[in-house]
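> Take this structure first; my questions come after.
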Amino acid sequence: IAATQPSTNWHLKENARDHHTSKFSSRELIVRRGQAFIVTFNGTEQPEQNLTFIAETGPKPSKLAKTQATFGISSTVSKESWSAVLQSTSSNSVSISISSPPNAVIGRYKLSVQSTSSGSSSPASLGTFVLLFNPWSSGDDVFMPNKAECEEYVLEEFGIIFAGNKNHINSFGWNFGQFQGDILSICLSMLDRSLNYRQDPATDVSHRNDPKYVGRVLSAMVNANDDRGVLLGNWSGNYEGGKSPSSWTGSGEILQNWKKSGFKPVRYGQCWVFAAVLTTVLRCLGIPTRTITNFSSAHDADGNLRVDEFYDASGNHLDRAADSIWNFHVWNESWFSRSDLGPSYNGWQVLDATPQEESGGIYQCGPASRNAIKEGDVDLDYDCPFVFAEVNADCMYWNYDPATGKKTLIFSKSTVIGQFISTKAVGRDDRVDVTNDYKYEEGSTKERDIFKKARKKLGLEDKFDPTAPTPQEIDQKPDISGRFKVAGPLEVGKDLSLILVLANLQSDAKTVRVNMTAWSTVYTRRPVHEIWKDSISVTLSPKE
């Protein structure tokens, strides 16, 4: 007798309402782990106690890897494993409530049913469904007790991103669009295109129960480096052959373009675009996520928690060090627990998809526990030293003479990096300042102690660093101070009026030659064009 194919009613509306997935525009069932959903099917002539269900995901489903589960009908829900509880039966149909464990692998599943009494009959497929992380379920690693935060960080499709610089913070809207069309399928295919999946598909899928793993893999996949991921970065100021990073207004178009082109990297992204796309993908999969903007953000390329900037005698910026200070940088925070580190490191975790430095041989960053950053625990996984430097590095400005190779410290500052760290408020379009969640008050003894602790953990306190400024260099006071003030309004297309204020700090007269240059830059302060230079000589009487 040929087995008849059962027809399945997935109760899409009711299940979606219960699982906070109503915003997805899908004809496929989308549910969250650790929570029951209802399925009704007919075409089984067997008594229901003889039914066995099989839920499986990935290319090589296995019980050992927790990518396959077989379970019969039981009277109660199991917390540890998949289970099915009978809801109702009629002459030819059965309604079942199926529950997955709160640590189930996420992704697309195939559900089949088999009747145990008829011996060797092969399982009949009921169809497919998608299982996501569940921030509403207390057993889940991504559990977020505050419901308003769940709404904002998982279900909200529109956001505000902050940019500009510390003196002029501006903001713009972004359409995350995590529930549009086939975005969920694109997000799942991102996981299937990762380097980890290509190397060992079965093992990769078995790790998809872990938000730490999923977040780290996706921080690599959102940039195109290493893995032909979603977005190609471009900070040159020339965006031919693609779209200028500042012209994007939402993630949907970027993700759709990636898929339509046969998964060729989309041109071009800069930090906020990488962060916004990662927000979309993680919210889509059910991990609470937000964008964070750090003003005066350090890019410490050599891991010494110091940013060195070099200038020649004319005041031109020299490209001698890979370190830099960005006017702003945007990254992500995702909310989950850190069973690998311990409960005090639970909560917000920093992820960064902008390709800045390699981690484990590829361009990925995080998750770094925000609490670990604040406490200077830079020896913890993942990439804490880099994130710590972004908000805490000390800045050294050097005068460098290419002819002799001699460098002189112009001045150093320990309080300029990591200011006005910003994110959008929950349920409102306001800016919320989270700087105090990243570090103790700037200039306080506690903040300096944490900085020393971090240096010590990285072994920087003990070894002699020939490039470091000497205590004498740091303490030496300059003879002359100078700074530019803006006179009049700053308007695009209008001339800039600047006033240079010079002060003689010594008690004898000084004659100085002042060299000035101005460059246009991108927001990472990478110089693009020299636009002006001038020099003047001035005599200043004592203390004038």
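Each residue, glycine too, has its Cβ placed from N, Cα and C.
Summarising the annotation, TrEMBL assigns domain 'Transglutaminase-like' to 263-355. Residues or ranges marked as active site by TrEMBL: Cys271, His329, Asp352. The Ca(2+) binding site feature in TrEMBL is assigned to Asn392, Asp394, Glu442, Glu447.
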> Please tell me which one of the active-site residues listed here (Cys271, His329, Asp352) sits closest to Glu442 (Ca(2+) binding site), measuring Cα to Cα?
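Among Cys271, His329, Asp352, His329.
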> Using Cα coordinates, what distance in whole Å links His329 (active site) and Cys271 (active site)?
6
> I need the CA-to-CA distance for Asp394 (Ca(2+) binding site) versus Cys271 (active site), whole Å please.
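A Cα-Cα distance of 22 Å.
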> List the residues of the same chain that sit at least 6 positions away from Glu447 (Ca(2+) binding site) in sequence and have their Cβ under 8 Å from its Cβ, in sequence order, or write 'none'.
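Sequence-distant Cβ neighbours: Lys439, Tyr440, Glu441.
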> Which whole-number value in Å describes the distance between the Cα atoms of Asp352 (active site) and Cys271 (active site)?
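Their Cα atoms are separated by 9 Å.
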> Work out how many Å separate Cys271 (active site) and Asn392 (Ca(2+) binding site) at their Cα atoms, rounded off.
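Cys271 (active site) and Asn392 (Ca(2+) binding site) have their Cα atoms 19 Å apart.
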> Sorted by position, what residues of the same chain at least six away from Asn392 (Ca(2+) binding site) have a C-beta under 8 A from it?
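Result: Ala298, Leu305, Ile417, Gly418, Lys439, Ile450, Phe451, Ala454.
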